[in-house]
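J.: Would you mind keeping the following structure in view while I ask a few things?
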Amino acid sequence: MAPKFEWWAKGNNNNRKGTPVVVKMENPNNWSMVELESPSHDDFLVRTHEKSRNKNARQLTWVLLLKAHRAAGCLTSLGSALIALGTAVRRRIAAGRTDTEISSSSGIQKQNPAKKSKLFYSCLKVFLWLSLVLLGFEIAAYFKGWHFGTSKLQLQFIFNKGFFDWVYTRWVLLRVEYLAPPLQFLANGCIVLFLVQSLDRLILCLGCFWIRFKKIKPVPKPDSISDLESGDNGAFLPMVLVQIPMCNEKEVYQQSIAAVCNLDWPKGKILIQILDDSDDPITQSLIKEEVHKWQNQGARIVYRHRVNREGYKAGNLKSAMNCSYVKDYEFVAIFDADFQPLPDFLKKTIPHFKDNEELGLVQARWSFVNKEENLLTRLQNINLAFHFEVEQQVNSVFLNFFGFNGTAGVWRIKALEDSGGWLERTTVEDMDIAVRAHLHGWKFIFLNDVECQCELPESYEAYRKQQHRWHSGPMQLFRLCLPAVIKSKISIGKKFNLIFLFFLLRKLILPFYSFTLFCIILPMTMFVPEAELPAWVVCYIPATMSFLNILPAPKSFPFIVPYLLFENTMSVTKFNAMVSGLFQLGSAYEWVVTKKSGRSSEGDLAALVEKDEKKTKHQRGVSAPETEAEKKAEKTKKKKKKHNRIYMKELSLAFLLLTAATRSLLSAQGIHFYFLLFQGISFLLVGLDLIGEQVE
């Protein structure tokens, strides 16, 4: 075995680095070996530093090259995105389908003869053209060197020999003496309203934090829950009526009917009413067939159809409550056509009514199957998450009152009858019945931990119509119920909450100042710089309020800026709806059913529906042809074409804000410029219908 010299190597590693040897070979037979002098310790350190320096330089070079490559990739993707956006804009403009043209072709204007919408659009156009003229005027003055403030105005300019000089100085004096004071007064008034509304929002958030900190939530009687779980004969199992009002909603009727037919409640103590207002014979046939299918499977379900759709949803519910057998039932659960309650929905809501005779309503929270479908649904989810998590929950815990959401709730039938039943006087029948029940002393409970799945509007057209109805109806109701609120026997505090907070602040003031302050006053202050809006009004407080709004949906934090801009963009629709409802204009009474896409919920319900469909097909026979109704529905679906629209009001405001942003550059107003620029781009994207569902 060869001897090992590890001990020698260990002993000399620290003192000797090795002897360099150079071998010279001129030919294979003549060679020589020359021993070189070993490098010193200093030479070794110098070489080490040089190597590390070269290594660091190479690493820095590679890092810079990598960042440059990523930046080039970002620029390339940004360029391709801009090209795609430009192509979409060009295609949208080439299609030329505006909202006014489509409304007239669909007959909406015949139903609403009022010219309010045209008047509003005309006012926006006047503002736009005036801003363009003033912008040209200011640019010309700027290049003449006359960009001065009021304090620098000198009389020599008034008597200047040029006509343009005289006109511009007169314009400056006009805005200083006559335009700036009323504009500043209006701006200050809107700022006060803005601060009051922000304070209300802050108090609601603090209330929500307190509820979470103290872990406050409604809890039913323990014995009622145990009785339900044990199946005791003496358990609290009252007679429950389930209602599903629908109208031409063939995309969602199957999943909603399947969901309510699978509610976990004794079959003899539940009755399901399918309240169909459809005027499409094909849809009627499909819904009838679905009801018959579940009847054959043992479900207690009936189909009702109204020939006259008078009163819309309120008229439909009122007609159903007039049935003779309703007197046998104690509670009624209401679900819209796209809602899919879980089987244990009644077992989580009904027990709260036991031994609580003052309780009139139990409201569940909504959850959404398509909240991540596109940017529009993500932004809606932020709004509705705040509505349920903060507004509904805080009002429920501290006031026992909130607005009924129209679906996913259980009413005590006695409370409905005591409050006068369903009325067709507004388009917000849910809020109407809630206010009247509150005036009669009934209490409400909101269950934040009981969810009912539904879907959000995926197109801007559907969302816009929904928001118009949701914001015009409360103003109709406010006019009608104000005398009753004043004369009611509820406490002064509840009257104050109902009139000032519930109606005025959250339904009237919010859309008013949002539109007036950010879409009208702010652009005008760019052309009348003597009236000012502080930077904290334009940026800091709106950003803080958006931050508070987005807290209940923490996964949506990346969308905080788009959310802020989109909320200001929607203020046009909300302001328009608020004015129409307050002054009883024609569009206030327009009821348009929100379009559904028919997306199934995830999990057990989708599998359940698929299982039922397979079972039905097996009963008919595998080779059985489709029914005539299904064939006609398929043909109708193929014939119908969807189109994205161009919204003229939003486009007018987009160009108005972009014009004001250009004017702000002359005044070097940084934060105002960026706000106007991005807000104008937001209006432009919405006006071209580039948000939400895109139809090729």
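Cβ atoms are placed via backbone N, Cα and C, with glycine included.
Feature list, courtesy of TrEMBL:
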{"type": "DOMAIN", "residues": "332-541", "note": "domain 'Glycosyltransferase 2-like'"}
{"type": "REGION", "residues": "613-641", "note": "region 'Disordered'"}
{"type": "TRANSMEM", "residues": "119-143", "note": "transmembrane segment"}
{"type": "TRANSMEM", "residues": "185-211", "note": "transmembrane segment"}
{"type": "TRANSMEM", "residues": "498-527", "note": "transmembrane segment"}
{"type": "TRANSMEM", "residues": "646-665", "note": "transmembrane segment"}
{"type": "TRANSMEM", "residues": "671-691", "note": "transmembrane segment"}
J.: Mind checking which residues reach the transmembrane segment (185-211)? Cβ under 8 Å, same chain, six or more beyond either end.
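T.: Answer is 217, 389-391, 393-394, 397-398, 501, 505-506, 509-510, 512-513, 516-517, 521, 525, 531-533, 537, 541, 544-545, 548-549, 551-552.
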J.: If we skip the immediate neighbours and take only residues 6+ beyond the ends of the transmembrane segment (671-691), which ones have a Cβ under 8 Å from one of its Cβ atoms?
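T.: Hits for the transmembrane segment (671-691): 85, 88-89, 92-93, 374-376, 460-461, 518, 522-523, 525-526, 533, 535, 538-539, 561-562, 565-566, 568-569, 644-651, 653-658, 660-661, 664-665.
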J.: Mind looking up the mean pLDDT for the domain 'Glycosyltransferase 2-like' (332-541) in the predicted model?
T.: 94
